[in-house]
Amino acid sequence: LCDTEVGVIIFSSTGKVYQWSSTSMEHTLSRYNKGMEENHSQEHPYDEQQAEKLQGIEVNTMKRHEYLRLHTAYMRLNGKELDDLSFKELKQLENQLNEGIASVKQHKEQILMEQLKRSRLQEQKTIMENEDLRKQVEELRQKRSSKILELNPLLERRLDHSPNNSKADYNNSASDDDNHLSDTSLHLGLTSNVGRKRKATEIEPTTNDSGSQVASE
């Protein structure tokens, strides 16, 4: 009896409630309810098992009915098992199908618009990348041309100071002198020929004059 809990609840005629507990009224009431449940389960174990079985059967029956209902609705949406439907039910099914088709078309258009938007963004990105590459190529060409221009004076200086270049200049000058000498000899040859022709023409009238003088004598 040391662990015994005592609780008293008094309801007065005026509606007031008076309570007293050796420990706590809430704790006492929870222990009381728990004890009543344990006593009931011990006294009627078969009834609880039957109740659980019945509850499981009801749940399975509800699931089966729900499955049949959903299966029938699915078949009717596919245009099957329509014999048991009235004209009003067929009209409702038609409206439901039209609404579903409209919703499907709307969602399809939305997906196509999103794909088109992504394609345009990708196209713009590709154009920008191509433009950047073109600029890079142009910059490389400009740098290359500027380097070539910077190297040209250095190449000219090297050619000016190279012995091959001096030898080539000497050969060119020598060939120019040879050409000049050949031209001079050509002119001299022409001049001598002209002089010979002039002497021949001067001799001919002289011989003619002497012959005429001999004939007259």
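Each residue, glycine too, has its Cβ placed from N, Cα and C.
Taken from TrEMBL as is:
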- 90-150: coiled coil (COILED)
- 164-174: compositional bias 'Low complexity' (COMPBIAS)
- 182-194: compositional bias 'Polar residues' (COMPBIAS)
- 204-217: compositional bias 'Polar residues' (COMPBIAS)
- 1-24: domain 'MADS-box' (DOMAIN)
- 51-143: domain 'K-box' (DOMAIN)
- 159-217: region 'Disordered' (REGION)
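Per-residue confidence over the domain 'K-box' (51-143) averages out at a pLDDT of 87. Here the domain 'MADS-box' (1-24) has Cβ contacts under 8 Å with residues 31 of the same chain, all six or more residues outside its ends.
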